[in-house]
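Enquirer: Got a structure here, written out as structure tokens. Questions coming.
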Amino acid sequence: MRYDHKAVEKKWQSFWEKEKTFAAHDEARGERCYVLDMFPYPSAQGLHVGHPEGYTATDIYCRYIRMKGVNVLHPMGWDAFGLPTENYAIKIKRNPKEVAAENIDNFRRQVKSLGFSYDWSRELNTSDPSYYKWTQWLFLKFYEKGLAYRKEAPVNWCPSCQTVLANEQVVGGACERCHSMVEQKEMAQWFLKITDYAERLLKNLEGLDWPQAIIEMQKNWIGRSEGATIEFAIRNSQFAISIYTTRLDTIFGATYVVLAPEHELLIKLKPQITNWADVEKYIAKARRKTELERKVEEKEKTGVRLEGVMAINPANKERIPIFIADYVLASYGTGAIMAVPAHDKRDFEFAIKYELPIRQVIKPKNISKSVVVGTTVRDGLKEELHKKAISFEVGLSRNKREHIRIFLRDDQINDYIKIVQNYLNDNAWVEIIGYRNIFLSRDRVIDDFLSKGREIFEECKRLEPLVRDDKNIWEMLESNLFYQGFVCYEGAGMVVNSGEYDGLDSEEAKWKMVKKIGGNRTVHYKLRDWLISRQRYWGAPIPIIYCDPPAGGCGIMPVPEKDLPVLLPDDVDFRPTGESPLARSKSFHKVKCPKCGQLARRENDTMDTFVDSSWYFLRFADSHNDKEPFNKEKVKHWLPVNLYVGGAEHAVMHLLYVRFFTKVLVDLGYIDFQEPFLKLRNQGLILGEDGQKMSKSRGNVISPDEVVAVYGADTLRLYEMFMGPLEDAKPWNTQSIAGARRFLERVWHIVLEPTSDGATASTAEQEQELRYWSARTIKKVTEDIESFHFNTAISALMEFVNFLYGLREVETPLKDEARQTLLLLVYPFAPHITCELWQEAFPAAGYIWEEPWLEYDPEALQTDTVTIVIQVNGKLRGNIICQTGAGDEEINKLAKAEPNVAKWLEGKKIIKTIVKSGKLVNFVTN
Ligand SMILES: [Zn+2]
Ligand SMILES: [Zn+2]
């Protein structure tokens, strides 16, 4: 019988579909498990080979736990709204609705061709009115709760997609989808108030079984910081500048203040500002830049000093200048900063450029550094340092001069000063930077020399090593790689130059200063509210009506629940113009106010598709409910999701939004769990054969359709799981896929013909060995599936098959059990072929998926065999397994027969054989 994958796969797929084999039962008792794949976005290109990677992993897991008696919910659906479909439809001049329907049909066909055990009766589609009715309903609930609001805001505008983008959709200043540079624009937009949930979103990350990297990304995105808001009075003015800082411990080092160019105080200060024309020009220029452009660390800092006004540092009452600069953003904190150039890299650069004072107020504890240029000292310094156990390294500078780079503990500094002074040439100088800042020459020691600025700098210019004239001393030292981050030191440490706080630990000083100097201890988050308005057609309409006739109306009116869904109209020219296409639909735009009945207008924007995918996991528990988004009891039965698998690219947006929705729904009383996904795993990228990301333009895209046609779904599944660890990025390899196919053919043959003609009866040792191999394989595959190490599970199965082939010359009644073991273990990976073989080889048994998962026999693992390493001339060439206590002669014979060893011995004469009993054989040849 030949292995015909086409016939086998078709047969079992239609059987499963017809019998609803994998339907999840709401009423079933016992252990339950909800295993979810991130549902795909059905693009026009169809499935790529990356999709089945995650789907296969979850399918293996589901099939495995079902055999362990668990009642599994494993659904599939389509995240079908969105820009790519709309843009594609525009390009081919068709309606997105039709295009999406075709894409879904194609995706469904492809997914089904891989034999995944989804409960297809729960399939959902976010662009179907039966689904988006409830997306709209949820929006209304958010609105009622005050969690959806409308506000005029500067937004990221993609001029090519003609729509607003969320911050998360702007990558490096460009549109994530079309890579056009994003512009800033003021527009009235709908927001969801995710910031209300920042604290909970952060806290609840604890205890989740998620990849650490994803947890870190979520934390960074939420960006919690604890600091203080403090007022800097403006001299001769009723106004003050409110500043939020996490580093109040550095306030004595604040030598100027910076306002964001959008800061509202500017207008109020205008009458006092004497260079208003320059200020105005700068504001206009800043407006043309996006927030992201302004955030770029490397770009040169610019700003304008506000002439005629001065701020007062509340810590030391010093008068300090006020600047506007676009490196300060209006959207973070209070839109104003106290600039501490000695302890903030951006302030440092700005201060260097505008020649503002730099004052050190925090010292790193227990570490200082120093660099000695070889030509400035007599020989013998290194030996002396060595004697005093002062650590140093020696390097060459760019012009090949020797540099001694020294690391100093606080208690070594005085010794060091003495040594250096002794070795330093007459006209040379050396600095110490860090805990102490010391200028050293043969006859002088100047402490805290950095604060002496200009004066010291002039001095240095007369000494060796030469100092470049156009830099100041701070800049010169910070530009030395060895000192980087040390001259401008951003860490915690000991407070200095700060009056009564000197000598305190910076963390301790911070909260003492808040008390004394005044200020409110406050928590800030980087997280911004979620902008959900999209000026596009292919999304769920926002269910809002504006009643604003000239005579006066009711204002913003939510669409009454009974009028949901607000359907997407068909009479639309959906080509983007910047205005929502829905505004041009006659049937859609004009509507009667639900309250007063006057002619009103609908909201024309649609929702970000991330809203659709923020609650789909709940809908699967009850996907045909037309009375409510989901039945509470059914959700309680199935949720939270036990295992969620998808790409790491959704680390921030999707996962954060889903967690936010979950918490809101808890607060609204619809669900009772705080976290939607208890366990998360990411599959790695599958790269093209050239090791590059698959893309049409590179021409390295592999379609699963071709692979399934030529090799079969089982081979594709097995191959993708065998490529490497699930979470790694892996290049595609067509030769290896043939290897996966060969393995399945070997399974096919060994199950159908386990024993060759003329086989001899088995010995007791052979039977024991077979028991051992079965137990070992069951144990390994079980553990590997549990821990998602599918590639090593497959390796174990391959070894088992090799072993069974080795046993073909032997006849034993244990073979039936071994064949069943093999099929049951391979089944989750390659379900079609194993179903077929099971039916063929064991017609009296039921279906393979009805069998319980195997338990291994621990006794069989306590074998009496040992593994012996074989060397040829001391090099490892193979190993053999044999009975404990086997004689040297037998071991010798087995060792020589090992194929790889035999190759190495071929044509050689064995001069000597060393046998270390039970461990090793070494053949020494001529
Ligand atoms: Zn774009
Ligand atoms: Zn009205």
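Including glycine, each Cβ sits where the backbone N, Cα and C put it.
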Enquirer: Looking at the ranges 533-537, 633-637, 693-697, 888-892, which is given as motif ''KMSKS' region' in TrEMBL?
Expert: 693-697
Enquirer: Counting only residues 6 or more past its boundaries, what in the same chain has a CB within less than 8 Å of a CB in the motif ''KMSKS' region' (693-697)?
Expert: 45, 48-50, 685-687, 732
Enquirer: Looking only at Cβ atoms, how many others are within 10 Å of the one on LYS696 (ATP binding site)?
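Expert: The answer is 8.
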Enquirer: Return the average pLDDT for the domain 'Methionyl/Leucyl tRNA synthetase' (39-180) as a whole number.
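Expert: Its mean pLDDT is 92.
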Enquirer: DSSP says what for the domain 'Methionyl/Leucyl tRNA synthetase' (39-180): how many helix, strand, coil residues?
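Expert: Its residues fall into 66 helix, 25 strand, 51 coil.
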